[in-house]
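What Swiss-Prot says about this protein:
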- 1-75: region 'Disordered' (REGION)
- 8-40: motif 'Nuclear localization signal' (MOTIF)
- R10: omega-N-methylarginine (MOD_RES)
- K12: N6-acetyllysine (MOD_RES)
- K25: N6-acetyllysine (MOD_RES)
- S50: phosphoserine (MOD_RES)
- S51: phosphoserine (MOD_RES)
- S53: phosphoserine (MOD_RES)
- S57: phosphoserine (MOD_RES)
- 65-74: compositional bias 'Acidic residues' (COMPBIAS)
- K113: SUMO2 cross-link (CROSSLNK)
- 144-183: repeat 'WD 1' (REPEAT)
- 197-236: repeat 'WD 2' (REPEAT)
- 239-278: repeat 'WD 3' (REPEAT)
- 281-320: repeat 'WD 4' (REPEAT)
- 322-360: repeat 'WD 5' (REPEAT)
- 374-413: repeat 'WD 6' (REPEAT)
- 419-460: repeat 'WD 7' (REPEAT)
Amino acid sequence: MSATAAARKRGKPASGAGAGAGAGKRRRKADSAGDRGKSKGGGKMNEEISSDSESESLAPRKPEEEEEEELEETAQEKKLRLAKLYLEQLRQQEEEKAEARAFEEDQVAGRLKEDVLEQRGRLQKLVAKEIQAPASADIRVLRGHQLSITCLVVTPDDSAIFSAAKDCSIIKWSVESGRKLHVIPRAKKGAEGKPPGHSSHVLCMAISSDGKYLASGDRSKLILIWEAQSCQHLYTFTGHRDAVSGLAFRRGTHQLYSTSHDRSVKVWNVAENSYVETLFGHQDAVAALDALSRECCVTAGGRDGTVRVWKIPEESQLVFYGHQGSIDCIHLINEEHMVSGADDGSVALWGLSKKRPLALQREAHGLRGEPGLEQPFWISSVAALLNTDLVATGSHSSCVRLWQCGEGFRQLDLLCDIPLVGFINSLKFSSSGDFLVAGVGQEHRLGRWWRIKEARNSVCIIPLRRVPVPPAAGS
């Protein structure tokens, strides 16, 4: 039996259903054809319904629908999204690594350049402008000596200070706590070195660059060698015929240079407890000595008015002129430049290739005395922060002065004054440049020309705080 006959047998409902299905098909066709303007009332109803559905589809979606869409993200889409995130992370990591490599390369290049300049003795780090003048309240004062401080040294690790004075004693101080770590008392004359110590004014000291040995020289022509850590006496060098006025170790070695009022320079090997040689040339008592890594040393010739550079292997010397008075102090800035001070009040910057000063600052600490009878304040000590443009000078003008060396060391500009009353007989920068140590006394280290009663015989630790200077516009 055909499907039509079966439908007729079942009755009208079946044909009505079929008619309804046919009408549905016709409506869909009419909708898809756009009704072509011929639809009847039923078509109008269909148009109204379709417009309602369009308005519903244009309505803003609810958050639940958005969540459903996220949940409906396929596995393939999730893999793609995660892969993109991973690639972005890799790209960022590679960029950071590239920046780090570039920074490290710049650092290495800068360090290599500094090493080359340092080996040539021409390195000049610009730090002076960053130094902030310390307040008086920030200066730490260490008291322990009975008489004027004459000299001091700072250990290579900046942990301790050794100071010596006219009371013939040596004190080891802790930088952190300011306490005494050890005291080497005055030795009695004729006691045959028991206990070991100095029996006359200690005029100079030096410490080896590895911090192992301490050397001290006095007016009794003796050089005493100590173990710096324990302050145990090791041995005594004799040979000078007058007061020992200057000592310096060659950096990186245990070779010791000494100078004296007997006008000579001597070379010693401390590790082997041996004398090496003697050099002559100065025409008057030598006042001070300094050395760095090269096998040479520099001396301040006092009243003979010369600065000399001693080339030890060649047994030769270079002679420099510039000051008008007694040259009492000297310090190397780097292997090619040095600073010196004299009792005519002048401070000079020198280059080893020039026989005259590159820069000369007259009356560096001003004038003293009645109007018309003024005299410059003597320069009693100088110091330089190694391989930088920062220099310090001391006098008895109630202050320590910090200076900036200009480009090529051809200028000396005043940075600030640090108030300190008394004779500044010794100045030393820490290796890090974080502080400056001053040895203060009521009298000059080499004599008793004046006495400043209000001064206190002390060691002063002056903090040097740095404030980075912003680069100039357009640099």
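Keep in mind that glycine also has a Cβ here, set from the backbone N, Cα and C atoms.
Same-chain residues lying 6 or more positions outside the repeat 'WD 5' (322-360) and placing a CB less than 8 Å from one of its CB atoms are 118-124, 287-294, 298-303, 305-307, 309, 366-367, 375-384, 386-388, 391, 393, 395, 403, 405-406, 408-412, 446. Contact counts against the repeat 'WD 7' (419-460), taken as Cβ pairs under 8 Å, peak for 144-183 among the stretches 144-183, 197-236, 281-320. In the repeat 'WD 7' (419-460), helix, strand and coil residues by DSSP number 0 helix, 18 strand, 24 coil. K113 (SUMO2 cross-link) counts 11 other C-beta atoms within 10 Å of its own C-beta, drawing on all protein chains shown.
Sequence-remote contacts of a segment are chain residues at least 6 beyond its ends whose Cβ falls under 8 Å from one of its Cβ atoms, and for the repeat 'WD 3' (239-278) they are 203-209, 212-213, 215-223, 225, 284-295, 297, 299-300, 310, 312, 315, 446. Sequence-distant neighbours of the repeat 'WD 6' (374-413) (same chain, 6+ residues past either end, Cβ-Cβ under 8 Å): 118, 123-129, 131, 133, 292, 328-334, 337-347, 349, 351, 358-359, 361-368, 419-429, 431, 433, 436, 438-439, 444-445, 450, 452, 462.
Nonlocal intrachain contacts for the repeat 'WD 1' (144-183), taken as residues 6+ away from its ends with a CB within less than 8 angstroms of a stretch CB, comprise 197-207, 209-211, 214, 216, 218, 228, 230-231, 423, 425-426, 428-432, 434-435, 437, 439-445, 457-459, 461. Across the repeat 'WD 4' (281-320), the model assigns an average pLDDT of 95. Secondary structure of the repeat 'WD 5' (322-360), assigned with DSSP and counted as helix (H, G, I), strand (E, B) and coil, comes to 0 helix, 21 strand, 18 coil.
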